[in-house]
Amino acid sequence: MPSHRYRSVFDRVEVPLTDRTWPDQRFSAAPLWVPVDLRDGNQALAEPMDTARKTKMFDLFLRMGYKEIEVAYPSASQTDFDFVRSLAVRDDIPEDVTISVFTPARPELIERTFESVEGLPNVLVHLYTATAPAWRDLVLRGSRAEVLALIEDAAGLVAKLADQRLGTKHGPGAGRMRFEFSPEVFNLTEPDYVIEVCDRVTEIWDACADRPVVHNLPATVEVATPNVYADQIEYMSRSLARREHVILSVHPHNDRGTGVACAELAVLAGAQRVEGCLFGNGERTGNVDLVTLALNLHAQGVDPMIDLSDIDAVKAVVEECNRIPVHVRHPYGGDLVYTAFSGTHQDAISKGMAHHAARAAELGVPASQAPWDVPYLPIDPADVGRSYQGVIRVNSQSGKGGIAYLLRTHYGVDLPRDFQPGFSKVVQRATDEHGREMTPQDLWELFRTTYVVPGEDGAWKLTDTAFQEIEGGGHRVEATAVRADGTVIPVAGIGNGPLSALTVALAKAGIGFEVVDYTENAVYSEHAVSEGADAVAVCYIRARVEGREVWGVGMDTSVLTAMVRAAVSAVNR
């Protein structure tokens, strides 16, 4: 690889901060989130959104609770312009929601932008110009002084048009139009120059308590580790003039795959506002993902102030509008992010879920309100509208814990601990053979055919079975043993209990049968393992049959019948 062609970020831009304080900070509240999907995200789409798709996404933002939404680049296309105009005639936009529009520092484009927002009550005009050396030299073809003059003229025109729109500078509604400035490619711009530019814009726009200025500092192309960006943000936060009247904003991209980390460290460093896109759409590798950022806070006990309680509904709208699928492994929202295939993970999750339910009961609160501490699941999937059905799925990598969890949660069958390893091997052979995932229904059918069916149809059957309690607390059983070849053997036995009596009876048929372990549990009707019954007994017998240790399982509404079937299953297996 020709790595010698590239320079370290420290050779490209000065990073003057040495006494950083951001590493000692902690999150205590969410910043202002600003979705830019309708502008920055939209311009990165192969098929930009039409008005219908834009409207659908805008309505999603309102439902989620965003208070500032960048909606368009009105001077870039008639579609964007028309969309802003469509918002101006709506009467259902909440009064506390601000509409942001984006414009380059060119007079005719600024004027077109102001035309688009006529009639909108709460507007943020977002002005941008690239300030980094390569952009100044190659794109703008201007010196530092010339680019500063360009920005001053543009900021002055924005202020002038705003005053004209509002009637007088301090007249009624003057606080309802605010301004934002982005020194594009901030992270590669000389610190002294970006301070000079931003302070001049602050002065021209006369930042004050009633109308604070947003200075948005983009990592337009991510070029360094997140700590470098945090240093740059803290330096700006400590150096900007009228800081109390400046809302410091960040706009990270994800070229190095660390956009989320950049945004989080930037907030610790003083940023109060974050621009990004849902699920990280945007140019090249995308903008920072607002969903991940919000739920990272949620997972730390901080209210993100955004409603993601139905993440699949959010994802569906985003996928429809962007026409780009969300990856199955995307943090929090992917189809597989709450799913475990690994046996060790499944076992830990299964135990963690059982502990969580028990703890909630102990605290006397619903499980949805109990403190969450389940291995491998950073948040409760239910918090974002996911069910637990997909948490554990079975393939060739799965173990006994996951298999037992699925049968318990889907069918109410509580496999004895000592039973699980044997069934796990049965599942392993099946998954190795066909190489695909096993659904809960597949597991259930495999369980039935392996353990239950042999007790109902096999080399031996017991018919006409009748148990009787006899004097002294003992039990007597009479039955007919039928072999597959048609041989009929009447049998009977007496023992301390029904199972010991059955053992004696089987011996009368020439079957050496010794019980090693016996377990039973009830499966209730909501699990639907049978039709029309309130509860079904499931009996598990581990027996030594003709010297070989095997498990048998029986199911019936009668415990005694289930026990007999379990014994016959063990014999036939």
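Each Cβ is built from the backbone N, Cα and C atoms, and glycine gets one as well.
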Have a look through D40, D50, D59, D485 and flag the one Swiss-Prot assigns to the Mg(2+) site that H251, H253, N287 belong to.
D40
Tell me, roughly as an integer, the mean pLDDT over the domain 'Pyruvate carboxyltransferase' (31-312).
95
I'd like to know which of the binding-site residues H251, H253 has the most other Cβ atoms within 10 Å of its Cβ.
H251
Entry from the binding-site residues list D40, N287 having the most other CB atoms no farther than 10 A:
N287
